Amino acid sequence: MSSMHTSPTTAESFAVVRKGFDREQVIGALTRLETETGVLRADRDAAVERAERAAAEADRQRARVADLEARVAELGRAPVTSGQMSDRVSTMLSLATAEAESIRDSAHATADRIRAEAEEDAWRLREAAGSELADVRGSAEAIRAEHTAVLDAARARAREIILAAEREARRLDDEAARRRQEIDEDHRLASDLRRSETLREVTRQHDASMAAAATTRREAEEEARRIVDDAHRRADQLVSRARRHVDDLRVLRERVLDDLGAIRAKLEPVPGTGDDVEFDLPEEPDLNSSDG
């Protein structure tokens, strides 16, 4: 019996880069989840194939038991004793009875083995599906946490850029005012022409400083908006992929339940054993307990 894939996938912790999540890291995490889903499907198919082979073997055993019982019944219709039968007929009856008992015992053992294998496969499928669903939920929670962290970092960075631009604008204003005061003091001792030229230069520098400060602040605000919008977009894409993966797991689980139901229908009780072949189907996991 092949072993099921039950090793849990640790929730990814995505590195935050300047424009959002690390694309290669996110793609790698989703690829690993898809690979594990494929392994789960392969294990499910293998379990179904084993159960079908076991059911076919049980059918063959039932047919042999029925044939031998019919032969024994035919031999036993005539009301004669063993002493009245020939040695050959007596020997055939004994051999047929012994073979029927042997096959009945073998059918019992086969039924027990089929039941044990079916129960083990059902348990493994339930554990694997539950583990895979928990992993996807953990990844979705990690993505939401990273989403929040990226947005907070983007907002903080935007605030820092705006504050830095405002500080630079104030510094330029203060520098221009200081220079204007110095020039005014000098102008009181200079000629009217020199004073006029110097004032024009100061005014020009002040206007240039104000224009530069306005440009810096505008660029900072645009960069901040771009960072926040990009982070929103990337985070929404990651959450959408995680939700699609959860939907895929839900469809896979429903298929597993259908297959297990078909297996249970095939494993009918062996005639004369009085034993029913039963196994527990996996409980349906709560797929609505998480937004992701």
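From the backbone N, Cα and C atoms, a Cβ is placed for every residue, glycine too.
TrEMBL assigns the feature coiled coil to residues 155-182, out of the candidate ranges 15-42, 99-126, 155-182. TrEMBL assigns the feature region 'Disordered' to residues 206-225, out of the candidate ranges 186-205, 206-225, 226-245. Proximity of distant same-chain residues to the region 'Disordered' (206-225), defined by a Cβ-Cβ separation under 8 Å and at least 6 residues beyond the stretch ends, is recorded for 154-155, 157-159, 161-162, 164-166, 168-169, 172-173, 175-176, 180. The coiled coil (44-78) scores a mean pLDDT of 70 in the predicted structure.
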